[in-house]
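For reference, the structure discussed in these notes is given below.
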Amino acid sequence: MIAELVSSALGLALYLNTLSADFCYDDSRAIKTNQDLLPETPWTHIFYNDFWGTLLTHSGSHKSYRPLCTLSFRLNHAIGGLNPWSYHLVNVLLHAAVTGLFTSFSKILLGDGYWTFMAGLMFASHPIHTEAVAGIVGRADVGASLFFLLSLLCYIKHCSTRGYSARTWGWFLGSGLCAGCSMLWKEQGVTVLAVSAVYDVFVFHRLKIKQILPTIYKRKNLSLFLSISLLIFWGSSLLGARLYWMGNKPPSFSNSDNPAADSDSLLTRTLTFFYLPTKNLWLLLCPDTLSFDWSMDAVPLLKTVCDWRNLHTVAFYTGLLLLAYYGLKSPSVDRECNGKTVTNGKQNANGHSCLSDVEYQNSETKSSFASKVENGIKNDVSQRTQLPSTENIVVLSLSLLIIPFVPATNLFFYVGFVIAERVLYIPSMGFCLLITVGARALYVKVQKRFLKSLIFYATATLIVFYGLKTAIRNGDWQNEEMLYRSGIKVNPAKAWGNLGNVLKSQSKISEAESAYRNALYYRSNMADMLYNLGLLLQENSRFAEALHYYKLAIGSRPTLASAYLNTGIILMNQGRTEEARRTFLKCSEIPDENLKDPHAHKSSVTSCLYNLGKLYHEQGHYEEALSVYKEAIQKMPRQFAPQSLYNMMGEAYMRLSKLPEAEHWYMESLRSKTDHIPAHLTYGKLLALTGRKSEAEKLFLKAIELDPTKGNCYMHYGQFLLEEARLIEAAEMAKKAAELDSTEFDVVFNAAHMLRQASLNEAAEKYYDLAARLRPNYPAALMNLGAILHLNGRLQKAEANYLRALQLKPDDVITQSNLRKLWNIMEKQGLKTSKT
């Protein structure tokens with residue numbers, strides 16, 4: 001137990017510095033915005049949605065079905081909300097548990113000695129695990145590994161207890177259930193069944209390739225045949241159920257996720273896909289350069305046979321074949337009690353022996369021997385060591401390295417990444433075993449004590465360096481800014497783009513703009529980056545530039561609904577209503593098939609319809625507005641906040657004098673968000689109109705209480721007081737509103753109106769003057785300023801404002817009438833007029 005405890009403790013200690021880390025990268029979508037984690041969402045939705053909260057059968061789903069992992073996130077959310085500390089704690093504890101189980105598994109293969117320690121410590125400290133442990137979404141890989149090892153250990157028990165029917169099939173059942181759980185943590189967990197079959201055939205029974213078929217059909221090997229058959233049946237059942245549950249359709253990804261898959265050249269696809277496992281192995285061997293994302297151009301495509309990286313591919317597969325040949329073709333030899341050797345159960349005086357760990361350490365004590373139990377029948381004639389030979393361990397290590405990695409090779413279907421470090425969490429078990437057994441074989445082979453010491457210290461140094469790299473890399477996962485800055489050298493386009501989002505959230509606008517432009521320098525057709533840059537420019541009132549980048553974003557991805565939405569909003573605010581209307585309509589017609597995030601798309605489409613309804617509403621087309629609002633309600637996703645939409649429905653019904661319907665929607669708005677201020681104000685107006693004055697006043701006062709800094713609340717309350725002939729109170733509310741929102745034309749203009757109606761003409765003049773300065777080319781503002789100046793006896797200033805208003809709107813009858821009256825007064829007073 002010491003090796004397990006020490007290895008687990010190291011795995012725990014190395015990741016303690018992640019407990020203070022924030023949510024990073026994929027954590028946002030899988031946790032922070034995932035509706036399946038919320039208490040109001042039925043927990044059963046977890047079993048119908050993918051890892052990101054999208055319906056599994058939806059055409060845009062990633063098909064990543066990991067309900068047990070999502071369930072663990074939901075439990076975290078129920079206990080600690082969105083505090084990242086508890087999420088990181090669970091990840092670290094899971095890694096420590098997996099490390100302990102892996103060390104226990106290694107002990108079965110390597111014995112209780114230094115080499116088991118080495119395997120466990122190497123796994124605990126390997127830097128390739130940082131994404132899986134420090135990144136919260138990596139819990140899927142760590143959880144799958146936990147049940148992967150439990151399944152494998154149960155199967156090993158099943159093999160060793162053959163002949164005891166109840167116990168052996170109990171262990172087999174446990175192995176199958178754990179394999180199913182591993183798959184429900186992450187898809188590659190199901191591959192443990194294939195690894196178990198490799199263990200049974202090549203390690204427990206020590207068969208070679210040419211012996212499998214002749215041996216497996218022998219009557220005495222019926223239990224082996226039955227076990228392998230059940231493994232195949234259970235694996236096929238799990239895969240069949242998995243395919244059925246996701247709608248029998250493979251996932252679809254954008255070309256930037258996996259550029260090789262999108263290449264038209266068969267040669268490019270072939271060379272690149274053959275090279276990628278080589279690159280993954282290099283990350284295991286030398287995890288010096290790590291990145292949060294390896295998509296896009298992080299690994300350039302191999303387009304010709306002359307690409308020097310093809311040499312790496314050749315070397316990799318040559319080495320792999322040689323290792324496989326060594327493990328599968330070499331005779332497997334065991335030492336008998338009498339000192340002779342046994343090859344696959346037959347005596348062989350010339351074979352080599354399989355030494356135990358104790359013998360490797362030059363001890364005189366031999367490993368314990370057990371009576372051979374093979375194929376369910378005890379064999380007391382020949383005995384063998386408990387430890388498998390080096391060849392057997394090489395075969396099992398290769399199976400652990402290769403088989404769990406196969407789903408990520410694009411062999412059966414294209415995947416949505418080029419390289420994913422967290423996918424290597426399970427294969428790294430095979431890698432650690434392979435390195436350990438190689439070091440052990442070398443240690444046994446050399447004779448000089450100096451060389452043995454050198455091997456010992458070299459492996460210890462490797463573990464130390466791995467641990468240091470892990471601790472340093474964990475620092476990059478502390479927050480998104482550090483993470484994205486660390487990835488610039490590997491994937492500059494993605495890293496700069498994501499860094500821009502972080503800098504923008506920190507209000508570092510110029511730095512964010514620079515980051516977005518850097519991202520577009522490396523990859524100019526990234527729709528998300530074009531959109532994000534457009535949004536940044538829009539928020540800083542650079543509308544012409546924003547429209548340009550929105551247009552480029554739509555050109556790059558015609559289904560990007562959010563770009564249409566913001567384009568329409570800018571056009572509407574610029575008075576280009578027909579262009580805005582067409583833009584909103586086009587957005588509303590975009591289907592959500594094959595989209596990466598259908599929930600976000602539906603939210604944008606709903607917002608487009610909401611703004612289209614507002615456009616119709618402002619134009620006085622209330623029936624058309626209602627029709628659009630109803631369509632928006634039908635299309636809105638469950639995470640969409642509907643209070644503004646419901647409130648506008650009420651407004652439209654009120655304008656159509658359908659007061660009961662209006663009241664219904666105002667109440668719906670307040671039900672969906674009890675502190676929604678616009679609904680308090682509009683519902684208050686309706687109550688005042690229908691004679692429920694005290695209820696109306698309560699709503700106005702509640703709105704002010706909710707946000708005492710919002711001038712519009714005082715404005716509505718002031719209008720109510722004015723209608724109630726409470727003129728002094730109304731005037732106070734008007735002044736308060738104008739002071740709070742002195743840059744908002746509507747508030748200032750309406751405040752001036754109210755003060756004028758309250759006969760406070762001097763105060764009214766002040767705010768009419770401010771309104772005219774806010775909109776110097778708005779005829780109504782100039783006309784009303786002229787009128788109040790007229791009343792206050794400032795006749796020449798009044799004339800100037802009337803004339804300016806008529807320049808902007810020559811046919812305005814009221815202004816013309818007021819000007820004529822003004823001239824009459826001025827002539828009576830002997831003042832010079834522009835007419836004369």
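The backbone N, Cα and C atoms fix where each Cβ goes, glycine too.
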Check whether Swiss-Prot assigns His129 and Asn310 to the same side of the membrane. yes
Counting only residues 6+ away from its ends, which parts of the chain sit with a Cβ under 8 Å from the transmembrane segment (450-470)? 10, 14-15, 114, 118, 121-122, 125-127, 129-130, 287-288, 436, 439, 442-443
At a threshold of under 8 Å on Cβ distances, which of 1-21, 85-105, 133-153, 221-241, 423-443 pairs most often with the transmembrane segment (185-204)? 133-153
Mean predicted confidence [pLDDT] for the repeat 'TPR 7' (711-744): 86
Hey, which bits of the same chain come close to the transmembrane segment (133-153), Cβ under 8 Å, at least six residues off its ends? 15, 18, 21, 23-27, 30-31, 51, 66, 68-69, 72-73, 84, 87-88, 90-92, 94-95, 97-98, 101-102, 104-105, 174-176, 178-179, 181-183, 185-186, 188-189, 192-193, 195-196, 199, 292, 404, 422-423, 425-426, 429, 473-474, 477
Looking at the transmembrane segment (108-128) and the transmembrane segment (221-241), are there 3+ C-beta pairs under 8 A, with each pair at least 6 apart in sequence? no
Near the transmembrane segment (423-443), which residues from the same chain, at least 6 beyond its ends, have a CB less than 8 A from one of its CBs? 102, 105-106, 109-110, 115, 118-119, 122-123, 126, 128-129, 132, 138, 141-142, 144-145, 148-149, 188-189, 191, 280-281, 283-284, 323, 360, 390, 393-394, 396-402, 404-405, 408, 417, 452, 455-456, 458-459
Non-local residues, at least 6 beyond the ends, that sit with Cβ under 8 Å of the transmembrane segment (1-21): 84-85, 88-89, 91-93, 95-100, 102-104, 106-107, 112, 116-117, 120-121, 123-125, 133-134, 467, 470-471, 474-475, 477-479
What same-chain residues lie close to the transmembrane segment (400-420): Cβ under 8 Å, and 6 or more beyond its ends? 62, 131, 148, 187-188, 191-192, 194-195, 198, 250-251, 253, 257-261, 273, 276-277, 279-280, 283, 294-296, 298-299, 320, 426-427, 429-431, 433-434
What is the three-state DSSP composition of the topological domain 'Extracellular' (22-84), stated as helix, strand and coil residue counts? 29 helix, 2 strand, 32 coil
